[in-house]
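Feature list (source: TrEMBL):
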DOMAIN    2-119  domain 'Response regulatory'
MOD_RES   52  4-aspartylphosphate
DOMAIN    148-362  domain 'Histidine kinase'
């Protein structure tokens, strides 16, 4: 296994290198924090690192923070090498992102034990990543299969429905009441199944298509969607508040589908409010920009929040508002497809707010 040393003192660096090589490690030697940072960002970088606390360029704790902040795609187990003996100093190092520490002068037996622990964690991380990749591949295969099957089923059902309609038309001319009823049942069932399969088809689609990212004026997009909602029920008096200048980088078609579902959800849940207000805006959550859709409608009990983005599972008390049952689930898949996340806050009778991010680099 590869291990990195970042140590500016030549004699101590050589001692570490020889000791680790004797234990069977492939040692990558660096003389300061800047060299270490470059080595840890390289392809096939070491997964274990011993960093001196005090060294030129970037010191040990600062380097820990940079490593933890950077999305490396794999975990690096860090041991800080320090002459600091105070508890508060060690707390600083661990809070910076170090997994362990060892004090100077070096005790080789202690170092060996701590490295063995780090190795076990790295190996477990590798196993976990392999299992996750295998699961993701299986899910992709399953979704591909489901998408194909749903497409074929939909075509077959359309054919059956057309034939049933033809039987109805033919039978009506021959005044065969029973035949007409049977044909009508077949036709109605095929339409119902076709609708369900179409829903399933739409549900899988966002995870299958390639993303085409572009700069989008989300405020303008929201305005167009809200105008279409007004047309569906022109008698409703709803106040839409859309913040100006919300710009994002996203796939236009998928973002429009997600935003349409969020606004449609707010529209439905404010149907019984005479003073309905639906707001689209931008805020900051944990230092990251987050868009939101807020309404003063029926709201929901936070105890059931885990069900919001699951398909075909309407929340208690909202069954009459549920249609296909995949609107919010589709939103979650689209946002996840962009590398972001979606969540909601609400209170029964006081409305709900749905937040979403698109990944840090995708919000302008």
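Backbone N, Cα and C define each Cβ position, glycine as well.
Note that the coordinates shown come from a computational prediction; the quantities given were computed from them, not determined experimentally.
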On the domain 'Histidine kinase' (148-362), the mean of the pLDDT values is 83
Going by DSSP, is residue 52 (4-aspartylphosphate) sitting in a helix, a strand, or coil?
strand
